[in-house]
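For reference, Swiss-Prot has these:
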type    : residues                                               : note
BINDING : Thr231, Ala232, Glu233, Glu285, Ser385                 : L-serine binding site
BINDING : Arg262, Ser263, Glu264, Glu349, Ile350, Ser351, Ser352 : ATP binding site
Amino acid sequence: MLDPRLFRTQLEETARQLGRRGFVLDTAAFGALEERRKALQVETQNLQNERNSRSRSIGQAKARGEDIEPLLAAVQGLGERLKENEAELASIQERMEALLLGVPNLLDTDVPEGRSEADNVEIRRWGEPPQFDFEPKDHVDLAVGLGCADFEAAAKLSGSRFVVLTGPLARLQRALTQFMLDIHTGEHGYIETYVPFLVNADSLRGTGQLPKFEEDLFKVQHEPVFYLIPTAEVPVTNLVRDEIVEEERLPLKYVCHTPCFRSEAGSYGRDVRGLIRQHQFEKVELVQIVRPEDSREAHEALTRHAEVILERLGLPYRRVLLCAGDTGFSSAKTYDLEVWLPGQQSYREISSCSNFRDFQARRLQARWRNPETGKPELVHTLNGSGLAVGRTLVAVLENCQDEAGRIRVPEVLVPYMGGVNLIGPAA
């Protein structure tokens, strides 16, 4: 959530900045609410002053032996008007907060202009796409050919956009997860965290998924209401909700492996087939809670931590800075890491690393105690995938295939595979 003061003192400038995203701020609605709020506050203050004055008069009139009933009636009437004003002020505040929940974050100044992913800016590339002397298969043909992926069985169990992995591919997915966790905890200084996969609505409001993106969530029909997590970002970031973190504890760096659940409402096309876009998938998520002055540097570091995984696996990728129109609702700045997929002959997103500045923290009331002032101030929050496990599995299958449809296991994963370095019939 943006600072409400922006809508009181810098409404037009805030609207202009939000316009970079293609978001049209309803300045008339905000302006009307603000004008009414200010008028009510002035009126309420005047009523309070008048009530206080008349209350003093009651004591003086009583001391003089005068009839105080008219004064008591007047004070009672003022009290009723004050209650009405206070109720209207509370209503205005609720309406203002409801509007604010639908307003995205302001973008950093170095986020490029643009409306769609076509306007994103490539920052750099690492590695060269493999050159095959045969027509490379996509991950679906490879996985099914190995007899280790069963989409029909998954459809029988759950429906479309699910998969059953067995044998060496199930183990390869586990190996990828363990490898990522080991690097992030052992080399990058993250604390491994296990969290609930069901969360309440307050948690999703805190990180920005609610109310705007409810259709993307799986809601459990139960009392109390729960939602399946769309990403570990939600429960992990909410660990600091309503907390004041002491300065010496910062930065907080968490890594968390969870399944993720998304309805993928409205998605279609090539990603409906295979493992790229499923209702249930796994991620290793990186979350950082930092001092405001450290968030820009932390964003670069977190993105680099995700890149290290790709490089250790030998997977070609590129870093892309998202343009204004493609940056997510809660983010001030986002880098996407896109891995090369030979089966699609294109780079596809495998990690999204974002700096939210104080946008989530204001919703969460997540604060730190500034030692210079002794007062609580909002933290900055960041997160990114380190990496999406299923998409990393896809990238390994497609980049490490041979003509026979076998898969060469990346060297760093061989110990996690019990020494197996080749997956396939002749392995």
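Heads up, the Cβ atoms here are built off N, Cα and C, so glycines get one too.
This view paints the features noted in Swiss-Prot onto the structure.
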{"residue": "Ala232", "record": "L-serine binding site", "CB count, 10 Å": "27"}
{"residue": "Glu233", "record": "L-serine binding site", "CB count, 10 Å": "29"}
{"residue": "Arg262", "record": "ATP binding site", "CB count, 10 Å": "20"}
{"residue": "Ser263", "record": "ATP binding site", "CB count, 10 Å": "17"}
{"residue": "Glu264", "record": "ATP binding site", "CB count, 10 Å": "13"}
{"residue": "Glu285", "record": "L-serine binding site", "CB count, 10 Å": "29"}
{"residue": "Glu349", "record": "ATP binding site", "CB count, 10 Å": "15"}
{"residue": "Ile350", "record": "ATP binding site", "CB count, 10 Å": "25"}
{"residue": "Ser352", "record": "ATP binding site", "CB count, 10 Å": "22"}
{"residue": "Ser385", "record": "L-serine binding site", "CB count, 10 Å": "26"}
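Under DSSP, Glu349 (ATP binding site) is assigned to a strand (E or B) in the three-state scheme. Using Cα positions, the member of the binding-site residues Thr231, Glu233, Ser385 nearest to Arg262 (ATP binding site) is identified as Thr231. For Glu264 (ATP binding site), the nearest of the binding-site residues Thr231, Glu233, Glu285, Ser385 in terms of C-alpha separation is Thr231. Across the residues the record lists as binding ATP (Arg262, Ser263, Glu264, Glu349, Ile350, Ser351, Ser352), the two Cα atoms farthest apart are 19 Å from each other. A separation of roughly 12 Å, to the nearest angstrom, links the Cα atoms of Glu285 (L-serine binding site) and Ile350 (ATP binding site). Ranking the binding-site residues Thr231, Ser351 by how many Cβ atoms sit within 10 Å of each one's Cβ puts Ser351 at the top. Among the record's L-serine binders, Thr231, Ala232, Glu233, Glu285, Ser385, no two C-alpha atoms are more than 9 Å apart, and one pair sits at exactly that spread.
DSSP gives Glu233 (L-serine binding site) a helix state.
Annotation note: Ser263 (ATP binding site) sits in a coil segment as assigned by DSSP. In this structure the alpha carbons, written CA, of Ser385 (L-serine binding site) and Glu349 (ATP binding site) are 10 Å apart.
Closest in space to Ser263 (ATP binding site), of the binding-site residues given as Thr231, Ala232, Glu233, is Thr231, taking the CA atom of each residue. Distance noted between the C-alpha atoms of Glu233 (L-serine binding site) and Ile350 (ATP binding site) is 16 Å. Report note: the L-serine site is defined by Thr231, Ala232, Glu233, Glu285, Ser385, and the residues of the same chain whose CB lies within 8 Å of the CB centroid of those residues, excluding them, are Val234, Val236, Cys256, Thr258, Cys260, Lys283, Leu286, Val287, Asn383, Gly384.
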